[in-house]
Amino acid sequence: MNKLSTKLVVAIGIGAALYGILGLWGFSIAPNTFIKPALAILTVFGALFGPVAGLLIGLIGHTVTDTIAGWGIWWGWVISSGIIGFSMGLIQKRVGFSVKNGSFNKGDISYLAITGLVGIVIAIIFAGAFDIIVMGEPFDKIVIQVLGATISDVIVFLVLGLPLTIGLAKSNKKHTHLKIEK
């Protein structure tokens with residue numbers, strides 16, 4: 001089994017703390033469903049540190065949010081945050097992609113967009129199914145939650161997460177078009 005480096009463990013801790021605390025902030029769009037800008041943390045940290053970090057940041061961070069909020073831990077939604085973080089981190093495995101070094105191309109951005117969107121849809125459907133099957137929640141309520149959560153997460157991903165990740169990568173680019181005059 002691969003060991004987690006100290007740097008990765010620290011990144012997971014910081015990412016989970018940020019995701020957990022920022023997850024308390026948002027505004028309601030459906031029963032128990034909020035637009036939460038914290039999802040952008042999963043995008044950025046996943047792209048920086050990979051799928052394992054994204055998974056753990058999502059799992060730990062969402063558990064922190066639910067614990068602090070006091071509404072109990074909703075494990076289906078905790079797992080869904082882990083799935084989303086994992087999917088955001090898949091981009092880090094692409095050869096030539098690095099947010100840290102500012103190396104990316106349009107194909108990388110498309111890949112992140114697709115894996116992010118697919119991950120969000122799979123994760124939210126999982127959470128809804130979990131709530132119906134395991135938690136005994138009413139189907140009608142869950143349909144509204146799943147639709148609301150999917151729409152809000154897609155919006156946050158496309159409006160905040162993706163642009164922040166691209167902006168961070170651009171700011172880390174090693175070369176410029178500036179020339180030294182002699």
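From the backbone N, Cα and C atoms, a Cβ is placed for every residue, glycine too.
The transmembrane segment annotation in Swiss-Prot covers 9-29, 40-60, 71-91, 114-134, 142-162.
Tertiary neighbourhood of the transmembrane segment (40-60): same-chain residues 4, 8, 11-12, 15-16, 18-20, 22, 78-93, 99-100, 112, 116, 156-157, 160-162, 164-165, 168-169, selected by CB-CB distance under 8 Å and a gap of 6+ residues from either end.
The stretch in 9-29, 114-134, 142-162 that contributes the largest number of Cβ pairs under 8 Å to the transmembrane segment (71-91) is 114-134.
Tertiary proximity for the transmembrane segment (9-29) is limited to same-chain residues at least six positions away from its ends with a CB under 8 Å from its CB atoms, namely 35-38, 41-42, 45, 48-49, 53, 56-58, 60-65, 68-69, 81, 148, 151-152.
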